[in-house]
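So Swiss-Prot lists the following for this protein:
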TRANSMEM  45-65  transmembrane segment
TRANSMEM  86-106  transmembrane segment
TRANSMEM  128-148  transmembrane segment
TRANSMEM  198-218  transmembrane segment
DOMAIN    251-473  domain 'ABC transporter 1'
TRANSMEM  280-300  transmembrane segment
BINDING   GLY285, ALA286, ASN287, GLY288, SER289, GLY290, LYS291, THR292  ATP 1 binding site
DOMAIN    477-696  domain 'ABC transporter 2'
BINDING   GLY514, GLY515, ASN516, GLY517, SER518, GLY519, LYS520, SER521  ATP 2 binding site
TRANSMEM  522-542  transmembrane segment
Amino acid sequence: MCCAVCGPEPGRIGEVTPLGPCPAQHRGGPLRPSELAQASVMAALCAVTAIISVVVPFAAGLALLGTVPTGLLAYRYRLRVLAAATVAAGMIAFLIAGLGGFMGVVHSAYIGGLTGIVKRRGRGTPTVVVSSLIGGFVFGAAMVGMLAAMVRLRHLIFKVMTANVDGIAATLARMHMQGAAADVKRYFAEGLQYWPWVLLGYFNIGIMIVSLIGWWALSRLLERMRGIPDVHKLDPPPGDDVDALIGPVPVRLDKVRFRYPRAGQDALREVSLDVRAGEHLAIIGANGSGKTTLMLILAGRAPTSGTVDRPGTVGLGKLGGTAVVLQHPESQVLGTRVADDVVWGLPLGTTADVGRLLSEVGLEALAERDTGSLSGGELQRLALAAALAREPAMLIADEVTTMVDQQGRDALLAVLSGLTQRHRTALVHITHYDNEADSADRTLSLSDSPDNTDMVHTAAMPAPVIGVDQPQHAPALELVGVGHEYASGTPWAKTALRDINFVVEQGDGVLIHGGNGSGKSTLAWIMAGLTIPTTGACLLDGRPTHEQVGAVALSFQAARLQLMRSRVDLEVASAAGFSASEQDRVAAALTVVGLDPALGARRIDQLSGGQMRRVVLAGLLARAPRALILDEPLAGLDAASQRGLLRLLEDLRRARGLTVVVVSHDFAGMEELCPRTLHLRDGVLESAAASEAGGMS
C-alpha cells in the first residue's frame, strides 16, 4: 500500500491520505533507498515469471504474471523505478533463460507499465485499449522492419514455422482428417505471402488482449490492497522529503489518540508525553495497549486527534533524524555482507566508521560475513549498528529482545546500556522485560489495569530430561537418527541437526530448549512433516510425517505470517478445512481457545499478538491433529498473555490428551505444560551434564 502523510507545517504532523500513488514531489532526483528496495523485489518477481515461462514446457502463459509487479511499480512510483527494475530483471532473465527470458521481461515491463500509468492517472478500460493498440502497432512495425532487413533470419524463422505446421498437418492426416490438414497448410502458405500484415495484426490483437488481462489483474490487486488496513506504515511526512530542518526531539505529544481505518475503537487511547533529548524512556504495557502505535506516531505517523510538536521534521532514516529498530530484524537487514548493511541507504558521500560501530555491537569479527548466516541476536545487533550509523537524534527500539535467546538478549542490553551518553541520542525502548525497563530514566505505562502492568521475568534453566526409555503410552512421534543439512552437496552446505533420537508419547508435553541458531525451528518443521530430513526419519504411527502433512500441526513463531485471510472467521474456517458459512463450527473453534465467538467478524489486523496466536490455534485444533508443535509461542507476548496462553495449552493437554511440543529459548512458566525438557545446542541433543555445564558458563 502507499499511504502518504501530508502536513504543510514543519514541526506538525498532518493528515493521512488514502491509498494511492506516491506524491509528485518525489519525481526528481536519484533512486531513494525505498525505491531501490521496491525495484529489486519486483525485478526478482518479474524475472522469475519470465524464466519459468521459458524453461518449463507449456508454461508460457505464466509470463502474464510478470505484468503485475511491473504494473504495481508503474502505479506507485516514478518511471525510472520501473526502468531500473526492468534492466535488473532483464539481465537476470537473459543470463538464465537467454533471449526468450529477456523478451518476456520487456513485454511484462511494457504492458505492466502501460496499465500502471493508466491506472495512476485515473483512466479506464478504453484508454488501455487505445494505448495497447498504438503500442501493438509500434511493436509490430518494428518487428516487420527488422525481418524485412534481416532476410536470412526471416527465412530461417519461416522454415521453422513451416516445419511445425507440416508436423501438425501430418498428425491431423493420421487422425483421418486429411481435409483439415490440407486447409492448415493452405492457410499458412497464404499467410506467409502477406506476412507483414499478419504480423501487425498479431501484435495489435495480442498486446491488446494481454494488456486487458494485466489491467484486470492490477485492478484486482489494488482493490484487495485497499481492503487491508494500513496498520504499520512508516511513511514520513512530505516535509521530511525536502531540505527542511531535521529535529525529532524534544517532542511533545498532547492528548494524542489514534484509530486505524475502519476500526471500531482507538488503538491508542489519549496520551500526553514528552521525550527529551538524550534521555532513555521505557514504554511498557499489555498486548493491544498501543505501544507500537505510539512508536509509529513518534516515528512520524499522524494521530487521529491531538497534537505532536517538535522543533523540526521527523527525519525518519535520515542523518540526525529518527531511527527505528523493529523486533524482526530480517525485515531491516538488506545488505548481503555485514559491513555493507551498516551503510546501506546512507546518502552518497556520507562517511561512517563501520569498524567502530560493529565493535560497539560486538560484531567486529563478522564484518565480511554473509548476513544470511547470522543468528537472530546477531541480526538484531546489526540492525542496531545500521541505525546508529545515521547518528539519530532519537532511536526507537520496538521489542528488540523479543525474538532472541538469553545470550543474545544480554548482548543487546549491553549495547543499549549507556547508548544515550555515547551517542547523544534519545532512546525510546518498548519492552516486556522487567530488567530492561528498570534501566530507563523514565517509564511510561500504557495499561490502566494493574494486572496488565506486570512484566515478563527470566527464569533458571530447567533440568534436562532426555532419556528415551520405553514409553508407558503409545508413541506419538518418534525421531530416529534425524539429521539435516541445508544446501547439501554444495559449497554452501550447512548442517542444522545431527543424529537426533527421542520419542514423544501420546499426551506428553515436551519442551525443546535452545538458543538462536541451535536448530530448533528446523526440528519443528521436520516433526510437522514440512521438511524432509537429510538423514534418519521422523515417524508418526510408523510412517514418515512428511507423508501425512497436517496430522502434526505447527504454530509458527510469527503468528501473523500464518494468518492468510482478512477476517477471523474466514481464517479459522480455511485452516480447519470447512466452509466459513458454518458459523457454529467457527464459534466452537474460537470458544475452545478462549476467544469470544463475536471476534469472528473482526479483521485480522485489528487483533493483538495474543489474540493472533489463539486464532492460529483455533484453526489448527479444529482439524483434530495428533500432535501440536509450537515454535516460540511466548515471543512478543506480555506477562498476562503468556500466562493465559500457557493455561489454555495446559487445559487442552489434560482434557484432550493432546501431545504438545514447545520449541523455545524461553522456559519461564513451562513446567506444567512441558514436564519433560530436551536441550539442543548446535544441532545436537545434549546430555544432562553437558547442558548444566553450558548453562553455568
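Heads up, the Cβ atoms here are built off N, Cα and C, so glycines get one too.
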Just to confirm my parser: what is the rounded mean pLDDT across the domain 'ABC transporter 2' (477-696)?
85
Cβ under 8 Å, sequence separation of at least 6 from the ends of the transmembrane segment (198-218): give me the contacting residues as numbers and ranges.
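64, 67-68, 71-72, 75, 107, 111-112, 114-116, 118-119, 125, 128-129, 131-133, 135-137, 139-141, 143-144, 147, 191.
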If I take the alpha carbons of GLY517 (ATP 2 binding site) and THR292 (ATP 1 binding site), what is the distance between them in whole Å?
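Cα-Cα, rounded: 27 Å.
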Show, in sequence order, which residues other than GLY285, ALA286, ASN287, GLY288, SER289, GLY290, LYS291, THR292 on the same chain lie with their Cβ within 8 Å of the centre of the Cβ atoms of the ATP 1 site.
THR293, LEU446, SER447, SER608, ASP638
Given the ATP 2 site residues GLY514, GLY515, ASN516, GLY517, SER518, GLY519, LYS520, SER521, which other residues of that chain have a Cβ within 8 Å of the mean position of their Cβ atoms, reported in sequence order?
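Other same-chain residues near the ATP 2 site: SER375, ASP405, HIS665, LEU680.
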Roughly how many angstrom lie between the C-alpha atoms of GLY515 (ATP 2 binding site) and ASN287 (ATP 1 binding site)?
25
What is the Cβ neighbour count of SER518 (ATP 2 binding site) at a 10 Å cut-off, with all protein chains included?
24
According to DSSP, folded down to helix, strand and coil, what is LYS520 (ATP 2 binding site)?
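Looking at the DSSP assignment, LYS520 (ATP 2 binding site) belongs to a helix.
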Indicate whether THR292 (ATP 1 binding site) is helix, strand or coil by DSSP.
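In the DSSP reduction, THR292 (ATP 1 binding site) maps to helix.
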Could you measure between GLY285 (ATP 1 binding site) and ASN516 (ATP 2 binding site) for me? Cα positions, answer in whole angstrom.
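Spelling it out, the Cα of GLY285 (ATP 1 binding site) and the Cα of ASN516 (ATP 2 binding site) are 26 Å apart.
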Whole-number answer please: how many Å between the C-alpha atoms of ASN287 (ATP 1 binding site) and ASN516 (ATP 2 binding site)?
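With distance taken Cα to Cα, ASN516 (ATP 2 binding site) is 24 Å from ASN287 (ATP 1 binding site).
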If I restrict to non-local contacts, at least six residues apart, and a C-beta distance under 8 angstroms, what lies near LYS291 (ATP 1 binding site) in its own chain?
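Expected: ILE283, ILE284, GLY285, ASP398, ILE430, LEU446.
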In three-state terms from DSSP, label ASN287 (ATP 1 binding site) for me.
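Looking at the DSSP assignment, ASN287 (ATP 1 binding site) belongs to neither helix nor strand, so coil.
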